[in-house]
Amino acid sequence: MKSAWTMLGLTLLAASLAAAPARAGDTAEPPPPCEVPAYLLSTENALPKVTEAVKANRPLSVLVVGSRSSTILGNEPSAYPAKLQAALKEALPSATVDLSVELQGKSTAEDTAGTLVKLVEAKKPTLVIWQTGTVDAMRAIDPDDFRAAIHDGLAALRNAGTDVVLVNLQYSPRTETMISAPPYLDNMKVVATQLEVPLFDRFAIMKQWSDAGYFDLFSTSHGVDLAKKVHACLGRALAKFVIDAAHLGPVQQN
Amino acid sequence: MSSIADPIAGSPVAEAKAEAKAKAVAASPAITLPAAGERELRLDLFRGLALWLIFIDHLPTNLLTWLTIRNYGFSDATEIFIFISGYTAAFVYGRAMLEAGFLIATARILRRVWQIYVAHVFLFTIFLAEISYVATSFENPLYTEEMGIMDFLKQPDVTIVQALLLRFRPVNMDVLPLYIVLMLFLPLILWLMKWKPDVTLGLSVVLYAVTWQFDLYLSAYPNGFWAFNPFAWQLLFVFGAWCALGGARRMSRILSSNITMWICIAYLVAAFFVTLTWYVPQLGHIVPKVIEQWMYPINKTDLDVLRFAHFLALAALTVRFLPKDWPGLKSPWLRPLILCGQHSLEIFCLGVFLAFAGHFVLAEVSGGAVLHALISVAGILIMCGMAWIISWYKHSADKGASKKGAGGNADLAGGEA
């Protein structure tokens, strides 16, 4: 509902949003469609290696590097990396999609950046999905240091010859009074723009879902169901994002 | 407000006041205080506004968030708050320093610092209660990672001591520690201002530049840094003080020039369009990439020059178009804002508390946009009600207890500093 208002405000400001779905809270009942506004899934930055590999019918090898929010403990097959792989396979039926996950639970961006080159040398991925920022925000790392670390990590990956997609923090309303996400979100956006790396805005997307009433992210439920649903949607959205960034044709997209 | 700030009049000092003032002014022509007369309601008004906006910004995004100035430019309510705090502090304690001397003024400032410190600790206690509750009731597998932030609850001994040392500050509790540090240095600032205001402002600019050059900061616990870097934010506070002590008057020619006005308008419009691109990414292309790369990130921690300039432009236009004697300032519609501004410490703390409470309600009751907006409005109403009660205490309930005359100088500057 809130998003309807937000959208309304934005539409008034920019007619270009006219096509955006301004839906009210009446979507609570049907299964979550986890729709994402187009602007959150489109990027100006390309993934040339991915495009090349798919067009040449070479296997597409994806490496997800992330912290604990890249998995659901005990339910790895339901976490977003596995869902991403499934969605990519579905969208690119002729391609082979390999995917591996490298979890670095308590590493800051700086810690991880140092390991990226070795990882790439070992696994030779076409595409690295780098999810980061949460640990840094929780430890309140100096945003300048954080920005430098992201910059170094992305540059190293580029030099190593892979494509990169950067994934930012989760939207976590319950911990909003304790974790200050904005500086880290901003810096990731800045570096991604600078280095022309596609940024998957997980925070904005999850916030959008919460505002639209698809998911109750405030929920205190101890069950794993919500996590599974959210990850399934994230995986699908991320697949769309990758396909769009790699310009793999509107045929597969929807 | 006199109960917390300064009983200047009514003390033995008051009798010698006129004489001392004459002497002091003669001895230090460097600074001039505005004539004691009517209360400067514009300060109260904008401080009240800043308090409302800070409260709204501390709540999760909602309908009212779209009314806050940070959505329309670089600076936000924090700049207004710190500037006006510098202005009123210099006004109240600057007068005290001229009339009663350095020692007395320092003593009063330190008492004020103590009050702010106690308020901060009080808020921390409430915060601790809130998150302890969240930590025990919340175990969503989606957020296993984020819940790690509660780990500090495992070491309350260290955490609480660090909080008392102002090194452990939860999100949204950064303004008061900044204020405490700035006020601690106020005696020094005023003493320098008494000597040469322009040099003092110059030194402040130098400190700001050095901070940017050498990356000075205060560290926080368990790691990280202060979210508002006092070495940088002092510039706004000192600038406020400088304006209060005659700077504003000396700048009046610049402020009333049309060139200034157009520069300010142009800058504000440009800032508005840049801000617009944050919310409407489709418009991203209107900002050339070169400018984007030069401009970002706009650093709040170190009070980015772009933010400072944005505040200056806003302030310049406000001073120009909202005269001191604007009749609207006396209108009952603006009364609630002005009352809030007159009791800023209490209302600020109340706002932080209400923001915590608002988060809590939103987390417990899943409601839509209407509930979000309702919480914001209710919070503002509570702030107004509290401000009214405080001023009632001051004017009616406490009247017999304190023999202070209504003309206490602290009142004139916009209440407490």
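The backbone N, Cα and C atoms fix where each Cβ goes, and this holds for glycine too.
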When you get a sec, could you say which of B:199-219, B:304-324 is annotated transmembrane segment by TrEMBL?
B:199-219
How about the transmembrane segment (B:344-363) and the transmembrane segment (B:49-69): do they have 3 or more C-beta pairs under 8 A, pairs 6 or more apart in sequence?
yes
For the transmembrane segment (B:231-248) and the transmembrane segment (B:369-393), check the count of CB pairs under 8 Å (sequence separation 6 or more) and say whether it reaches 3 or more.
no
Cβ-based contact of the transmembrane segment (B:116-135) with the transmembrane segment (B:81-104), 3 or more pairs under 8 Å:
no
Looking at B:49-69, B:81-104, B:260-280, which one has the highest count of Cβ pairs under 8 angstroms to the transmembrane segment (B:369-393)?
B:49-69
